[in-house]
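Per TrEMBL, these features apply:
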| type | residues | note |
| --- | --- | --- |
| BINDING | Gly95, Ala96, Phe122, Asp207, Glu208, Val209, Gln210, Thr265 | pyridoxal 5'-phosphate binding site |
| BINDING | Arg125, Thr264 | N(2)-acetyl-L-ornithine binding site |
| MOD_RES | Lys236 | N6-(pyridoxal phosphate)lysine |
Amino acid sequence: MSALFNTYARRPIALVEGKGTIVKDQNGKEYLDFTSGIAVLSLGHAHPELVKTIQEQSEKIWHTSNLYQIPGQEKLAQSLVKDTHFSYAFFCNSGAEANEAAIKLARKHTGKHHIITFQQSFHGRTFGSMSATGQGKIHNGFGPLVDKFTYLPFNDVDALKSAIDDTVAAIMLEVIQGEGGVNAVTDEFAEAIQEICSENGILLIIDEVQTGIGRTGTRFAFEQTPLKPDIVSIAKGLGGGFPIGGILGTKELFDTFSPGTHGTTFGGNPLAVAVAQKVIDIVFQQDFLDEVKKKSDYFVEKLKAAFHNGEFKVKGRGLLIGLEGENEVAPAISKLEEAGLLVCSAGTKVIRLLPPLTVSYEEIDQAIDILKKVFV
């Protein structure tokens, strides 16, 4: 009998070894991992540069707390804000923590409490981030929630305009709703959001926990839209498998936080920022990002050709791809697993494909073959 709380509907396999895109279970069976630990393993399993970085840093110092200067934090912050409109960073341990920091920063800076988010959004499971999430199933059993969150229909300009008043502190959204179904923001909606925020002094928070750090072929997914956020939250791919999260903010927000107003014991520890720095050094190279786009184009073209009879609608951006069908996807995910391809869901009717950004064209072809074998 397990001594773990029953918080996860786990698959019936244990992954015990991995290299690149290939993982092996407890019985020695190999799989193509197109989950990447839910968009975390940006450089795949056991990337040699990350292994080397962890080994070298672990022999120096792991943790000091934020009572002391941490040079690696300063270096990582500079790398993240370079050539952006952001000026400052704060580091924590996860995406939920990052979104909590974003919410606190927005409320404190504006002196207002009302934050608009969107239906089918997902921002985390801590109380603030859960309250920001626009999915009732995430809220069930935990009320009363943190108040002053409004959940609007995604990509509905009229609904957004009608919800704006002088109590709104911020609008918070994902450029692509990952957990909610791989739903991308439209240019029309993005333009409306940016215009509303600019005209009304409303802060714009973009949750890039899943889409950031190269996942969509640019450093951040918002760079492919008209959006210019005041705050962006990041995590997942930032550590390449090592827990780290953070927010980036504009210079206008700097004076909002002061010592004692926000913090974390573990956040931005020397080991975490060393690993994240190596990830950024690799992923933020333009050649690397261009290759992500090329792989995405190749993958999407192959998927559309494979499912030309309409079995699935292919959607998403970069290497965050959704296959939307008519039926529940849980049985299909089991069949793909049996055939050697690991994928995850996004809602009940979307298969989410999240290969490492280092996936090879040959591995994409292998995944296509398995998908065709199961569905066509």
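Residue numbering: from 1, along the chain as shown.
Backbone N, Cα and C define each Cβ position, glycine as well.
Keep in mind the model is a prediction, meaning the values are calculated, not measured.
If you compare Cα positions, Thr264 (N(2)-acetyl-L-ornithine binding site) sits closest to Ala96 out of the recorded positions Ala96, Asp207, Glu208, Val209, Lys236. Neighbour count (other Cβ atoms within 10 Å of the Cβ, all protein chains): 29 for Gln210 (pyridoxal 5'-phosphate binding site). Cα of Gln210 (pyridoxal 5'-phosphate binding site) to Cα of Lys236 (N6-(pyridoxal phosphate)lysine): a distance of 6 Å. In the three-state DSSP classification, Val209 (pyridoxal 5'-phosphate binding site) falls within coil.
Of the listed binding-site residues, namely Thr264, Thr265, the sparsest Cβ surroundings within 10 Å are found at Thr265. Of all the recorded positions listed (Arg125, Lys236), Lys236 sits in the most crowded Cβ setting, with the most other Cβ atoms within 10 Å. Cα spacing between Lys236 (N6-(pyridoxal phosphate)lysine) and Val209 (pyridoxal 5'-phosphate binding site): 6 Å, rounded to the nearest whole number. Figure note: comparing Cβ neighbours within 10 Å for the binding-site residues Ala96, Val209, the maximum is reached by Val209.
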